[in-house]
């Protein structure tokens, strides 16, 4: 196979600029890979779920390179320094030099770990991302964040390390479980909400083709999401300010994920319910028109995403969000919507409105 | 105590520029520390040898900061990912945020590990070096290299991460064992050889005050070494070319260290004998006048450093240097001397001259 039709987003980062290539069957496209992967020696990092599906085809398409692979166990619980050191071990055993590259084949966990291993190995070698989940294609492809978890805190150990190239093969999404696919869509809706009302409207008009995973629709959604993230991250590479708007729904979502036990709510599901809460608070503050909050709820619901938080109790949720009982008027910095398509990081919102949103969504109905 | 007299070298790296402060008793100088350490929350990383000597005085001088400390076992064998993760554990337990900083109090091993932990924690927080060995003061203070060892290769896992500030307290050198102190001097001689004939002459004129660790002489030697390393690294921060001249004597030295078992020859001692071999080969090639090779040997000998390699056999040494028997005419890139004070990285030297140097220094006398 060679040169599948695809779209391209260029991430402008000076000498670390790189392309994101988006289209079906790209990981089997030997000509495309040859064009974009300069390193001769490659270590492919993947997991036990993805390897049986895509490792062999990727190796075949990379036949002009010397490839080795390491297959890790699947799951967030393995995103540790210990597992990362297995990647380093493989790089050492395979005598990979500074001019070798790591290829991350899998979802966000694989991308984060393989990217971090590449960042550290000999103080930094190249890496290429081949994201196989929708979440990884729209989220991990841009931003250069890599990390592993500490037993007591997520993503606590990591580096900023940009990939040389991202190969987002949209055909791999067809093997993604329905629930995981929909959770990825939550992040796509987020990009519309925080940055682009036109894209939001496009999503409203394309719910069915997206749910059916029609190539053209998926490609556009992935592409536009990457573009938006690139614009946001581009002005704030080291995460000082604007970049925080990418966390719309995440603070509320964090409380939901933690209270429910990690894994019971998928990250994207918690973000969906969290975005509804952010929209609700934005409406209470008089920023977001009620009709736009309703559009948000309706769109998420049409994508089969949860729009109601679990009734974990507002008090409990406050604690999980880092708001201690003792600091009753303490305020979190929250990402809220000034309007549909425009997010802002604010801490000077009304505490009463915040409390009302918390009660309404987290407390059991009276 | 406040504001000890000291000298200052500024390392120009744009927004990551930092000062190296050099002088006696600086680690007890509360005013100086307050001026140069902006972070309020500090984790001091040190080892079991250094802690009883300097941890308490440093904490006392940092009384206006919130400090915590972690005391690691002493030795290169502990420079591992596992030990590094103990630093991360301490950062997490002490709830250190992104605005906290790591203070590395100790020699090169502590500096490398603490710097790497700082580079990774929350994808990068500040760190401050307080080097307590001569080698660390003249070598680790500049260059931003941090790392831990892999079981099969040194410094294989790391990052480039610049300190915010280096406090080189020359009074700490008085507690350094004589042999370790002299090994540090080998690297100082190296700076003269590769870059500065005037500094080399100054060293020839100041052997006694340096061996007696007289403040003024030590301060000048540390200062000039840092300046030279900064100039070399400044044009080559990511180690592409010129920076390699800092490895004068290191390739020969590596064979010596490995063959003798790590620890039997100190790194600086192996570098001293290795520099003699580099000078010898440079002379055979007609680049370095015989008289300048003799000056090199004489100076190292006056500092009590070894100028003869152990008789490990030229063939064995070739293998340890990465030259396989099968590639008889394979050539290593070596750092050689075009003249005293001017080094160059070369691979187009005469193979015969190289073989002669190897035989003369590594084979048993006939």
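Cβ from N, Cα, C; glycine included.
These features come from TrEMBL:
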type: BINDING; residues: B:74-79, B:108-112, B:132-133, B:145, B:154, B:172-175; note: NAD(+) binding site
type: BINDING; residues: B:187, B:250, B:267; note: Zn(2+) binding site
type: DOMAIN; residues: B:70-182; note: domain '3-dehydroquinate synthase N-terminal'
type: DOMAIN; residues: B:184-327; note: domain '3-dehydroquinate synthase C-terminal'
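Those same-chain residues not listed among B:187, B:250, B:267 yet with C-beta within 8 angstroms of the centroid of the Zn(2+) site C-beta atoms are B:135, B:139, B:186, B:190, B:249, B:253, B:268, B:270, B:271, B:274. The binding-site residues examined here are B:77, B:133; by Cβ neighbour count within 10 Å, the least packed of them is B:77. Cβ contacts within 10 Å of residue B:175 (NAD(+) binding site), excluding its own Cβ and spanning all protein chains shown: 13. Note: none of the binding-site residues B:74, B:108, B:111, B:133, B:172, B:267 has a C-beta at a distance under 8 Å from a chain A C-beta. Residue counts for the domain '3-dehydroquinate synthase N-terminal' (B:70-182) under DSSP, helix first, then strand, then coil, are 47 helix, 35 strand, 31 coil. Using DSSP to sort the residues of the domain '3-dehydroquinate synthase C-terminal' (B:184-327) gives these counts of helix, strand and coil: 101 helix, 2 strand, 41 coil. Taking the domain '3-dehydroquinate synthase N-terminal' (B:70-182) as a whole, pLDDT averages 96 in the prediction. Sequence-distant neighbours of residue B:111 (NAD(+) binding site) (same chain, six or more apart, CB under 8 Å from its CB) are B:104, B:129, B:131, B:136, B:140, B:146, listed in sequence order.
Figure note: comparing Cβ neighbours within 10 Å for the binding-site residues B:74, B:187, the maximum is reached by B:187. The distance from the Cα of residue B:187 (Zn(2+) binding site) to the Cα of residue B:74 (NAD(+) binding site) comes to 22 Å. Separation of the C-alpha atoms of residue B:77 (NAD(+) binding site) and residue B:267 (Zn(2+) binding site): 14 Å, rounded to the nearest whole number.
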